[in-house]
Amino acid sequence: MASTSGTVINGLGSSFLCGGNRSQALWGASSIGPIVATPAATRKRKLIVVAAAPPKKSWLPAVKGGGNLVDPEWLDGSLPGDYGFDPLGLGKDPTFLKWYREAELIHGRWAMTAVVGIFIGQAWSGVPWFEAGADPGAIAPFSFGSLLGTQLLLMGWVESKRWVDFFNPKSQSVEWATPWSKTAENFANATGQQGYPGGKFFDPLGLAGTVQNGVYIPDYDKLERLQLAEIKHARIAMLAMLIFYFEAGQGKTPLGALGL
């Protein structure tokens with residue numbers, strides 16, 4: 001009986017059934033003494049789940065090659081609206097990349113404002129946007145000199161603060177940086193992200209955050225969605241303004257091109 005049991009143990013310990021030398025060694029070790037079954041409750045299993053990094057989005061999704069033309073190594077997809085479009089390599093330097101993103105945001109926001117103003121202005125007055133300033137019937141409560149001086153003064157003050165804050169973040173949220181100390185907190189960056197100050201002053205509707213006990217708390221999930229939507233609309237608006245300039249060179253207006 002003992003010889004039969006030994007034969008069975010040796011047969012189960014063969015490499016064919018156990019799948020290799022390591023398993024066979026384990027069987028050989030167990031055949032020296034009595035076989036003891038390990039309770040299932042004492043066995044520990046570890047399940048390691050590794051989340052795969054999301055693939056980088058491409059401005060040419062169907063193209064898999066192309067090197068830095070299609071998938072630049074200096075663009076990692078972390079910026080809102082980053083689809084790897086940089087054929088001239090302008091963003092190779094991280095400092096320049098940060099500045100170009102700031103410039104894209106500012107130009108895009110102005111373009112969105114201009115597109116809305118062009119449509120509404122012409123629909124309201126009937127005067128083409130590129131002739132509005134020279135129209136005799138235009139209502140101008142200020143002279144051109146007063147308007148220009150006010151524009152340079154106010155815009156110069158705001159743009160200078162933005163310029164300084166770009167190179168020295170959070171430097172403009174102190175009392176001495178503002179004409180009146182009560183507004184110092186309005187210039188604080190509530191989100192911690194360049195170009196997206198948030199806060200009660202820059203997000204009065206609470207689209208990307210909430211105010212709790214007088215303190216603005218950003219919602220980064222909403223902020224991320226709004227950042228992507230903004231940069232997409234900004235790029236479309238800049239392209240629209242470029243088309244408007246070409247149309248103006250031919251004496252046409254956006255509403256006229258639409259037959260309105």
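Numbering starts at 1 and runs along the chain as it is shown here.
Positions of Cβ are set from backbone N, Cα and C atoms, glycine also.
Annotation source TrEMBL lists chlorophyll a binding site at GLU104, GLU230, ARG235. Residues or ranges marked as chlorophyll b 2 binding site by TrEMBL: HIS107. The chlorophyll b 1 binding site feature in TrEMBL is assigned to ARG109.
Taking the centroid of the Cβ atoms of GLU104, GLU230, ARG235 as the chlorophyll a site, the other same-chain residues with Cβ within 8 Å of it are GLY81, LEU105, GLY108, ILE231, LYS232, HIS233, ALA234, MET238.
Counting every protein chain shown, the number of other Cβ atoms lying within 10 Å of the Cβ of ARG109 (chlorophyll b 1 binding site) is 15.
Around GLU230 (chlorophyll a binding site), a 10 Å sphere centred on its CB holds 18 further CB atoms from the protein chains shown.
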